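Residues or ranges marked as domain 'Helicase ATP-binding' in TrEMBL: 250-524. Per TrEMBL, the feature ATP binding site maps to Ala285, Gly286, Thr287, Gly288, Ile289, Gly290, Lys291, Thr292.
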Amino acid sequence: MAEKFVVVDLETTGNSPKKGDRIIQFAAVVIEDGKIAEMYTTLINPLQPIPIFIEELTGLSDDDVKEAPLFSEIAPKVSSLLKDAYFVAHNVSFDMGFLQEEFILSGEKAFTGPVLDTVEMARFLEPSSDSYKLADLAAGEGLSHDRPHQADSDAEATAELFILFLKKLKNLPIKTIRQLARLSEGLKSDIHLLLNSIELEKDEGIDSIPESIIFVNGIALKDPGIREKDQANLIISEEYPWSHAEKEKLFQSAAFLLESREGQFEMMDEVYHSFQNGTHALIEAGTGIGKTLGYLLPAAYFSRRENVRVIISTYTIQLQEQLLSREIPLLTGILPFEFKAALLKGRNNYISLSRFAKSLEEENDNYDVALAKMQILIWLMTTDHGDRDELNLSSGGHLYWNTIRNEKDSHREKSPWHQVDFYNRAKKNAREADLLITNHSLLLSDLDSGGKTLPAYSYVVLDEGHHFEKASASHLGIRLDYLSVRLTLSQFGLYEQRQLFYKAEKIIASNPNREKMNTKLQINDLYADTLYEMDEFFKLAIAFASKEGKRNPSKRLKAAINEDSHSREWNAMKHASERFLFRLRDLTEIVQTIREMAIVLPGKQASAIEMELAAFQLELEMLQKKMTGLFTIGSDFVKWVETDTRVPQNATEIVAMPVSVSETLSKKFFLCKKSVVLTSATLTVNQSFDYAIKELGLEPKYCNTISIPSPFNYNENVKLFISSDLPEINSVTQDEYIAEIAAKIISVCEAAKGRLLVLFTSHEMLKKTFELVKESGLLPEYALIAQGISGGSRSRLTRNFQKYDKAVLFGTNSFWEGIDIPGEGLSCLIVVRLPFSSPDEPFTKAKCRRIEKSGGRAFLEYSLPEAVLRFKQGFGRLIRTSSDRGVIVIFDKRIGESSYGKVFLQSIPEVPIKKVDINQLVDEIDNWL
């Protein structure tokens, strides 16, 4: 094994050496025998100006490098350092590209040795890491890295990281090293050479396997510590603490400081009372009362006293995990008795070990698949849950996961995998749990399956209950989008594309019955025809949307599907769907036949291919089910085609959604459960629960309701201003209106000194406003961050916003709720328009039509309550802790001038409200913040 590694980092004038960018700083750290042996760093004169953004990034200016050597002067030294060594870098192609170009310009020989990329190494050695940036990896490993974007600091941090990676590799079992070595031949850097060297080392020594690792069929797993089924949970003798003093005593006995809150105690009693009396309840819990502990504590008491299971359901999987990792440990520290909590997700979230083992026998993996397999081999030695959300997979890795995810036929009971199967373990833990944490989607799937997904239950807490109706509609609906369909079909591929069909054909060629089946050419033709009919179907869907739909300013196009329509476009789309469905059925039959041929053949390769074919067949059958459902589903569903005029085919989807789920939820859920408690910060409209009760299908007389106000002093800590000098939106052009909005945002931002969140209801308006603010050049010191423009997820954009002292965050849709920026991180919130849904939206139109048809008033019964609830969510972004303070600015004059505007204001906590022009607004903010 080559014992010398040279870790290199460069700072440069840009990203492209081919376009003339040059090195301005070089740093190298030499590692020998697993230790840092030498460090070398120098500035370099690039013979060109350093761009301002590079100067800001690195701290290096033209003055710093003007007396520095040219690269040609240090090239012999660099070559000497690299002699007989591995070249190591974080994102090695960048550093190597620059170095090779400089060697050529200097007349020095190019480097021809092996290269190692610490990004690539981190991807498989740290498969659960959220980020593979050097600073994030260093922080995760507890390494010092105090001067990022300076070559010497970056090189040293990379070297320390690489030494840790080397140790991790050398501590792996030899069986795992061999598996990794074979897979790593498909990677971009020369990791296979390093792994082969480690394998030779281990062959000559003793392979020590940690006690925490077991091997099953050659795969290393974390020992699950299989145990016999626990005895039934004992009923506790402790009484529920009804009094304030008893709860205080519990909190004071905790090993950590917990703040007691009157509203939280009130919520605890309401939850326990509902369970005890077998009634449903809606609890609106204001921000800051400690809602989560407010339902967990009574749920735990009731579960243990009555020996019954309580389901805790959240809206998202992320909230599920937060409950188990953060809130359950808090509860454990308070309660005077033990309890069991478990988390259960949908089956497909868990890996099938038997399928994974079979997939390891395949050869010629593409890059993403090879990397994903390496990640999973490492991950299986540390994971307790086998849950895909623990993995940071590439998009190709996610596709690969679909072939190894847990399915009903993953393995038989007598299989060696059965005892260690992660889904079986999760189900076992769920059966034994007092509190079972799940999500709305899985809860609804359980209703569909007749109770076959979750263990039996009668008591439920629905956290983020305001989402349950929408989650139900989404679960019962159908979505078919072009990209997903194309991605599904692409797995099979034409023979010459060397995808699944090619691999399967190679295997079944030895089956004597092969000649009785369609020829390669016939299967190729069928697959090509299926792709053609798919494209035609979506093209005609786009034509239908273009003819029947209404274009909105954001270039999105939506067209409601009317089954009674006899338009030429609708008929063409319907006939195309029938042709596509016919081809899908033919392709599914062919896949089934190939599977039957592969399954009887001996050898691991045949078994692995059969598994892939089975997963693909399942996806084809699901696709057929969706296609059939879209055109046969009942009239109580609203259907539409949605596309984007800028990239129509890739952005096209066909949707079917139930107009109302109240009757379904009433019959299948609420009437079947003894007690369901829904809790959220936004359940009331104008102090009334009527809207939520109606939409959910609850019976008012069997449902308790309580609104527990926030303990925060909004009256002292918040001021709400309504802009009085904006023009009416219909009195000017949209561009003129947006120009006014942009000008006012700039003025507010300067007065508030940043820390500003601007909420929109239209992405097109957001985009145009953002561009005007940016192009004005009036906020040069501020970081301007915009959803859909700046790039990244909601949580990433929020984190970026919090990094800066002066920043403006422009958001729409998901930014109205779910982001948490406490303290001085956010001091001003602007609401550009009241968040009404567009009346032209097919779902909104269908919902309103249904209400009007039954004699109701659609605006008051649907449009207004929906907008108010979203407005309340937006309002809740500003104050997250008792010490927070800030201002809210409403640009929409309707809130102060329309007859319904007061409903918005009466639905939020009482705060001082003032109508002001822009000059008054700036003075008010400047004086108060």
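Placed from the backbone N, Cα and C atoms, the Cβ positions cover glycine too.
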Inset, instruction - Could you tell me which three-state DSSP class Gly286 (ATP binding site) falls into? - result: coil
Legend entry - Stretch-averaged pLDDT - the domain 'Helicase ATP-binding' (250-524): 90
Legend entry - Fewest-neighbour residue among binding-site residues, criterion Cβ within 10 Å, set Ala285, Ile289: Ile289
Legend entry - Neighbouring C-beta atoms (10 Å sphere around the C-beta of Thr287 (ATP binding site)): 22
Legend entry - For Lys291 (ATP binding site): intrachain residues, at least 6 apart, with Cβ closer than 8 Å: Gln264, Met267, Ala285, Asp463, Thr679, Ala681
Inset, instruction - Compute the centroid of the Cβ atoms of Ala285, Gly286, Thr287, Gly288, Ile289, Gly290, Lys291, Thr292, then list the same-chain residues not in that set whose Cβ lies within 8 Å of it, in sequence order, for the ATP site. - result: Arg261, Gly263, Gln264, Met267, Gly294, Ala681, Ile708, Ser710
Inset, instruction - State the count of C-beta atoms found within 10 angstroms of the C-beta of Gly288 (ATP binding site), not counting that atom itself. - result: 20
Inset, instruction - Quick one: give me the count of other CB atoms within 10 A of the CB of Gly286 (ATP binding site). - result: 18
Legend entry - Cβ packing number for Thr292 (ATP binding site), 10 Å threshold: 23
Legend entry - Neighbourhood of Gly290 (ATP binding site), C-beta criterion under 8 angstroms, separation at least six: Glu259, Arg261, Gly263, Gln264
